[in-house]
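Asker: Handing you a structure now.
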Amino acid sequence: MSVSKKPMVLVILDGYGYREEQQDNAIFSAKTPVMDALWANRPHTLIDASGLEVGLPDRQMGNSEVGHVNLGAGRIVYQDLTRLDVEIKDRAFFANPVLTGAVDKAKNAGKAVHIMGLLSAGGVHSHEDHIMAMVELAAERGAEKIYLHAFLDGRDTPPRSAESSLKKFEEKFAALGKGRVASIIGRYYAMDRDNRWDRVEKAYDLLTLAQGEFQADTAVAGLQAAYARDENDEFVKATVIRAEGQPDAAMEDGDALIFMNFRADRAREITRAFVNADFDGFARKKVVNVDFVMLTEYAADIKTAVAYPPASLVNTFGEWMAKNDKTQLRISETEKYAHVTFFFNGGVEESFKGEDRILINSPKVATYDLQPEMSSAELTEKLVAAIKSGKYDTIICNYPNGDMVGHTGVMEAAVKAVEALDHCVEEVAKAVESVGGQLLITADHGNAEQMRDPATGQAHTAHTNLPVPLIYVGDKNVKAVEGGKLSDIAPTMLSLMGMEIPQEMTGKPLFIVE
């Protein structure tokens, strides 16, 4: 008979943030004797679950996908926007071999460097600061012919806000003494995602042939003419920017073309028009053999260079457990099952060796305020049985209630959800202690602690950027460390289990055994 295992259990109370203010705070308003006692008597700390600490832009609220990726990875996992911001700030961007290689090859052959992308401060599909950095990279490396093809936004930015951005780039080119804005067109044409190829064709012709419906001497003049035609940024018609005596910027074989959008969905169609030999969306008037670089991978089947391929996460918590022949269980309701499996495993769909999974069906109700306890009783029953089974070295569980009921904006329901969770935590903590295991209780982001927006007085249904609790229950004498974040959880668990922490995990243990 094998020895019974004493599991390391991680319970993630989804959407269970920490907020001092009591007003409109479902967690404070709920009767939670169990969590109150644990917070009062057990080692605990507060950890960051939003913004830069989880790889999101500064002060941006956390979310479940990002939260679980960070929890399982044991390192900050940067989202594309933040990853690029960081790369540009520390100048790694300017040494990116794919970008520098494309620019150098074009420059050495006397060819042009074309840069295209959504000129926007919206940060949803792209960011104009990244495009500016690309212009600087091309100029620094000695490219003489630098052409910017600006797709205008007006959806993730105000409808008529492109002028200041275009001015900034025209001033930049003037200061460099080389390069120019060569075309402008609304994202409605250049960034279609619904196979409306007639739109994409207009953008393709503008770029490849330097032909459009309109022409202007400067980008700002072209934009003002569009406004006079009653076209907002998003719908600006294909406009060639070319002053008297300037050469045209039509693309030629051997030119470099760098696409500076980082979000894939609206970048794919125009990319395929340039890259796919068998492209049939429309009859291309000019097929041009450019050195095409995607900033990120827009689709696995688009075969061209990628400056920032998807980061594959090596030695996540789940993978490290498997490599060390440990058994693990992932358990949640339908609503958060993908989070404790796929996202916690760093985007890996298949389970690791020794990894079991239990899915509890979430209740079939229109909205969860109608059943705020959700399926927590059944989930707890299965979790307690797994803890007592002696089968698992570690168990990861997510209770969705705080988040799913928090999203409804119904305060009374959120209070009931939190009270249901308190009973569950009591059962789980008792089970863990009865087998000599260890338990960490935390959250992936906040939600239920802020049920009304103080600015508008309306229901607050979104996540928050507040910290989340972390509590230790177990027989080890530990001291909490301040200033933690979600990516410290995996190293904390490994440390409490007496295991080595892989070097890829840059997070730090938050409970030190004394």
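In case you wondered, yes, glycine gets a Cβ from its N, Cα and C as well.
OK, Swiss-Prot features for this one:
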BINDING   Asp14, Ser64, Asp444, His445  Mn(2+) 2 binding site
ACT_SITE  Ser64  active site, phosphoserine intermediate
BINDING   His125, Arg155, Asp156, Arg187, Arg193, Arg263, Ala264, Asp265, Arg266, Lys336  substrate binding site
BINDING   Asp403, His407, His463  Mn(2+) 1 binding site
Asker: I need the CA-to-CA distance for Arg193 (substrate binding site) versus Ser64 (Mn(2+) 2 binding site), whole Å please.
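Answerer: For Arg193 (substrate binding site) versus Ser64 (Mn(2+) 2 binding site), the Cα atoms are 26 Å apart.
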Asker: Rounded to the nearest angstrom, how far is the Cα of His463 (Mn(2+) 1 binding site) from the Cα of Asp444 (Mn(2+) 2 binding site)?
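Answerer: Cα-Cα, rounded: 10 Å.
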Asker: Please tell me which one of the binding-site residues listed here (Asp156, Ala264, Asp403, His407) sits closest to Asp14 (Mn(2+) 2 binding site), measuring Cα to Cα?
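Answerer: Comparing Cα positions, the candidate nearest Asp14 (Mn(2+) 2 binding site) turns out to be Asp403.
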Asker: For Arg193 (substrate binding site), just count the other CB atoms lying within 10 A of its CB, please.
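Answerer: A 10 Å sphere around the Cβ of Arg193 (substrate binding site) contains 12 other Cβ atoms.
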Asker: Of all the binding-site residues given, namely Ser64, His125, Arg266, which is spatially nearest to Asp403 (Mn(2+) 1 binding site) at the Cα level?
Answerer: Ser64
Asker: Using C-alpha positions only, work out which of the binding-site residues Ser64, His407, His445, His463 is nearest to Asp156 (substrate binding site).
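Answerer: Result for Asp156 (substrate binding site): the nearest of the binding-site residues is His463.
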Asker: Which chain neighbours of the Mn(2+) 2 site, leaving out Asp14, Ser64, Asp444, His445, have a Cβ atom within 8 Å of the mean position of the site's Cβ atoms?
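Answerer: Residues close to the Mn(2+) 2 site, other than Asp14, Ser64, Asp444, His445: Ile12, Gly15, Ala49, Gly62, Asn63, Gly67, His68, Lys336, His339, Asn398, Asp403, Ala443, Asn447, His463.
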Asker: Distance between Ser64 (Mn(2+) 2 binding site) and His407 (Mn(2+) 1 binding site) at the Cα atoms, whole Å?
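Answerer: Distance between the two Cα atoms comes out at 13 Å.
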Asker: Hey, what's the Cβ neighbour count for His407 (Mn(2+) 1 binding site) at 10 Å?
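Answerer: Result for His407 (Mn(2+) 1 binding site): 20 other Cβ atoms within 10 Å.
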Asker: Using C-alpha positions only, work out which of the binding-site residues His125, Ala264, His463 is nearest to His445 (Mn(2+) 2 binding site).
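Answerer: It is His463, whose Cα lies nearest.
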Asker: Can you give me the residues near the recorded Mn(2+) 1 site, meaning same chain, not Asp403, His407, His463 themselves, Cβ no more than 8 Å from the center of the site's Cβ atoms?
Answerer: Asp14, Gly15, Ser64, Gly402, Met404, Gly406, His445, Asn447, Ala448, Thr461, Ala462
Asker: With every protein chain in view, what's the tally of Cβ atoms within 10 Å of the Cβ of His463 (Mn(2+) 1 binding site), excluding that atom itself?
Answerer: 24
Asker: For Arg266 (substrate binding site), write down the residues of its own chain that are at least 6 apart in sequence and whose Cβ falls under 8 Å from its Cβ; none is a fine answer.
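Answerer: Counting only residues 6 or more apart in sequence, the Cβ neighbours of Arg266 (substrate binding site) under 8 Å are His125, Arg187, Met191, Asp192, Arg193.
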Asker: Cβ-Cβ under 8 Å from Ala264 (substrate binding site), same chain, 6 or more residues apart: which ones?
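Answerer: Within the chain, Ala264 (substrate binding site) has Cβ neighbours under 8 Å at Thr296, Glu297, Tyr298, Ala299.
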Asker: Let's check the environment of Asp14 (Mn(2+) 2 binding site): how many other CB atoms sit within 10 Å of its CB?
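Answerer: So the Cβ neighbour count for Asp14 (Mn(2+) 2 binding site) comes to 28.
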